[in-house]
Each structure stands twice: as structure tokens, then as C-alpha cells.
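Taken verbatim from TrEMBL:
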TRANSMEM  51-70  transmembrane segment
TRANSMEM  77-95  transmembrane segment
TRANSMEM  118-139  transmembrane segment
TRANSMEM  203-225  transmembrane segment
TRANSMEM  231-251  transmembrane segment
TRANSMEM  263-282  transmembrane segment
TRANSMEM  302-324  transmembrane segment
REGION    332-378  region 'Disordered'
């Protein structure tokens, strides 16, 4: 849930014009006074009505496809919305073709090579990044199982989690060898699965092959990069919200809301929501300004974890789930009383009457069994 909420922020910033330096014009340089920058063909200040309208065209198209479209249109509503937004953006001059024209016809991973080395102060911060990636992978895989209508508990589910985290780690190793930051799961794919109702692995394989082809032929990749941020933001914000909704569904279906679990969830989300809404809250906790790079890296790792909402929530909830004892208590409402016990109930007039679980209604004084039978005959 927090992963989706965290991603909605970046998606909505793109919707308003961009999530880069132009999103903070008061602190950005003059080059980023407008989004995406002043050299763009149709640059406007961040949050302009034109950007809002471009993103809203995608959002509205998705809703219209869901309401009036045929089943195939409902399954492809995200793609249709993106196409409509691109058509409107191209017709109004928001596309920048310079990247497409300058991109080579074909490229590959190792266009430039760098000497591999080990930089000690970055070890601990990168370890923290990998821990965060593992937490995100667990949440994303759980959401994928939920929207794919698969079980979210049991041995088979745990094996999927194990395989997903292992694959995430292997991808991170290859990412380091290719001199880029660790790779992680693509959370918005859960929104695509929920909307298209297609959870077939063959579709995933086709997407992987398509991405590889687009990565090799740089013109295709440049075409995607040329899509205005507001158009992409209108689509990704919808998909990111679907990730958050999947998290809510997992919580409501998989966790009994007794007092203990409510307390654990409240404690975890207290820091999680805080870190998500105010991501710089931990910046001034450590004031070390010495020359020890190892200590500096260790402190940076702590700050990174504390300022990542879903990571700190996962740690707090796991710790409290381990230390807090189970309690015998009601989950929702009152327990059913045992046979023969008397429970206080309210009658229509507001008075209290004692009722036995297995006994018949207590008759008023003066009524006998015979009288009761006569009333029934009458």
C-alpha cells in the first residue's frame, strides 16, 4: 500500500509537468524555470492548466473505456488512454523530436565501458538500497498474486516470494556489473494486471522480448522518452493508485483486525505515512561532519532506510509481530454466548431482559403453560 502511495507522488508530479528540477521552480536554476526545461518546444510552468488537461485526457479516456467500451477496450483502456493523450499532445505541439532524430538506429548495453572498482564508503548505503529493494519486491509480488487471483499465504506463495527476491537480487548483481543502480520490480504492472485481467506468463515473456528489442533499437526507446511527462503522469498515477488499492485489499483479506494487529499496523503506518508524506524528516538527525567516509556511509544508510516509508513500516511491523504476544479476544463484535448462558439484551422499549441461549422466552408473571397453549390456539 505504501509503495503505491509513494509512487503516486512521482506520478502526480509528472502529471503536473515533470518530477525533475522544474517541479521546484523556486530552488531550480533558470534553465528549469519551465517544464521540462526552457528549451522544450512547448515549455510551461509546472502545474499549468495545459499540463493538467493533457493528463486528464488520459485519465478520462480510461474511465470512458471502462464505462462504455467493449470488453477488449476495457482490457486495453490504459493503452487507449495513452494513445489518446499522445495524439492530443502531438496535435498541440508538445512532442520534442530532437531526441528521436539524434538517437542512433541501434545500440546495446555496453556503449561505454568503465573500470570496475570497489568504493568502500558506498558499501553500506548500497546494502541499505538492496534491503529496500527486497522489501519492495515482497510487497509487489504479494500484490501480483492478489490481482492474479492466486493465494497470498501458504507454501506455494512463499516459494513465489523466494523466487522473486532471488531474481531481484540476481538482477541487482548484473546491474552493478553494468555500472547502474540496483534494479527492482515494476510496481505499476500490478495495476496493468488488475485492469487487463491478464496474468498469463506468456504475456510477460512477450513484454520482456519487446523491451529488449526496444532497448537495442534506440529509435523506439527515444519515441517513448519523447512522450510528454503529463501524458505519462496521467497514466502512471492511475496505475500507481491501483497498486495502493491492491495493498488495501491484501490487508483487509489477509489480516484479522483484532486489537493486536490493529496496534501493529498503526505503529508501522505511523512512521510509514510520515516518511512518505515528509521524506526529508530524518535529514538533520545526524550532524557528523568528519572525514571518516565509512561512518558517513553508515549514517547515510540509516537515513535512507528511515526516509523510505514502506521499508521502515516493514521493519517496525516485523519487530512488533515478533515481540507482542497473541491475545485471546474478539475480532469483530461479540462472541456467540455458550449454551445455557444468559446475555443482557435490549428490548424495543429500551428495557433489559435476560435471555437464555437454549431456553424459551421467560413469560410474564401470571402466565402458565396452559395459558400459553391457549394463546397459541387462539
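Yeah, the Cβs are placed from backbone N, Cα and C, and that goes for glycine too.
Taking residue pairs at least 6 apart in sequence, the transmembrane segment (51-70) and the transmembrane segment (118-139) share fewer than three C-beta contacts under 8 angstroms. Long-range Cβ contacts of the transmembrane segment (51-70) within its own chain (Cβ-Cβ under 8 Å, at least 6 residues beyond either end) map to 14-17, 35, 44, 76-78, 80-82, 84-85, 88-89, 94, 228-231, 233-235, 237-238.
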